[in-house]
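For reference, the structure discussed in these notes is given below.
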Amino acid sequence: MNALNAAMTVIGAGSYGTALAITLARNGHHVVLWGHDPKHIATLQHDRCNAAFLPDVPFPDTLHLESDLATALAASRDILIVVPSHVFGQVLRQIKPLMRPDARLVWATKGLEAETGRLLQDVAREALGDDIPLAVISGPTFAKELAAGLPTAISLAATDPQFAEDLQHLLHCGKSFRVYINPDFIGVQLGGAVKNVIAIGAGMSDGIGFGANARTALITRGLVEMSRLGAALGADPETFMGMAGLGDLVLTCTDNQSRNRRFGMMLGQGMDVQSAQDKIGQVVEGYRNTKEVRVLAQRLGVEMPITEEIYQVLYCGKIAREAALTLLGRARKDERSSN
């Protein structure tokens, strides 16, 4: 591969970053995958698969591993960031001096900025300036199913229409991967952060043993909280009925491939927060997302009772069953009430 002719450079060689790189390469594109640990990248290169997360999916020949960040970023103008939300800004500051002048940035990271609750678009603008085209992809995607080529659909939003069309062309595969362009840049970002929080709550409910009725009620009211917060930010309400909203919410709340759901189930069964995180063994994005979403909601004056009770469990030592009873004991109200 010539150093300057890759279709995409993927930053982040975990399960999801690897799955997206495989998908792009399977579409016939040359793709560079970079990770922060040179030993991990060397292992991926030797094995030609991600044995830790996706052991049964061999890498296409057009997927190239790279441990040198400058080389990886020189390979393509288009950069796909797939890292946990709490290091998103740090990674952008790291890559900025190495990016090509014509670079465009897209991320699959789901979350908000740690501590501040800012949207990742604001973090990107602060780190990279106002001129670079930005995009985000989000939706119901488990890495194993995506890498295996099972049917999957996502939403894509971008600040530049041409960038959106180019990304759709790169990612979309009629056999297995549908990519829907959505003009709502704010809503597509927000859905992925809030659904992680609600998924912890759904897991708690099931861990307590409340059953399918309770889980469904929690998902539905969680969607209300997502939509309410989105409205305060100026998002399009229809976005939350799409892949980046309802789609991702249902997937994450109902399937045990979701780390957030499994984490919540352990809490509902009485396990403490640290032990549950240790047992999961990977990043539980919803743990940090809960604090970030709460900060954002408080700043905007948006009431999010489910998010608040999950926060109380994660950060204040409240028992999951007590949090559930607090929600059930709330005053009667109209279903369409704003609080």
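In case you wondered, yes, glycine gets a Cβ from its N, Cα and C as well.
These numbers come from a predicted model, not from an experiment.
Site annotation (Swiss-Prot, ligand NADPH) includes Ser15, Tyr16, His36, Lys110, Ala143, Val283, Glu285; from Arg93, Arg259, Arg261, Arg262, the additional listed residue is Arg259.
For the sn-glycerol 3-phosphate site that Swiss-Prot gives as Lys110, Gly139, Thr141, Asp248, Ser258, Arg259, Asn260, the extra residue drawn from Lys39, Lys195, Lys318, Lys333 is Lys195. In this structure, Glu285 (NADPH binding site) is part of a helix by DSSP. In this entry, NADPH is bound by Ser15, Tyr16, His36, Lys110, Ala143, Arg259, Val283, Glu285, whose most widely separated C-alpha atoms sit 22 angstrom apart.
Sequence-distant contacts of Ser258 (sn-glycerol 3-phosphate binding site), defined by Cβ-Cβ distance under 8 angstroms and a gap of at least six in the same chain, are Phe142, Ala199, Gly203, Leu251, Thr252. Cα proximity to Thr141 (sn-glycerol 3-phosphate binding site) (within 10 Å) is found for the following binding-site residues from Tyr16, His36, Lys110, Arg259, Val283, Glu285: Tyr16. The number of other Cβ atoms within 10 Å of the Cβ belonging to Val283 (NADPH binding site), over all protein chains shown, comes to 16. Here the binding-site residues are His36, Lys110, Lys195, Arg259, and the one with the most other Cβ atoms within 10 Å of its Cβ is Lys195.
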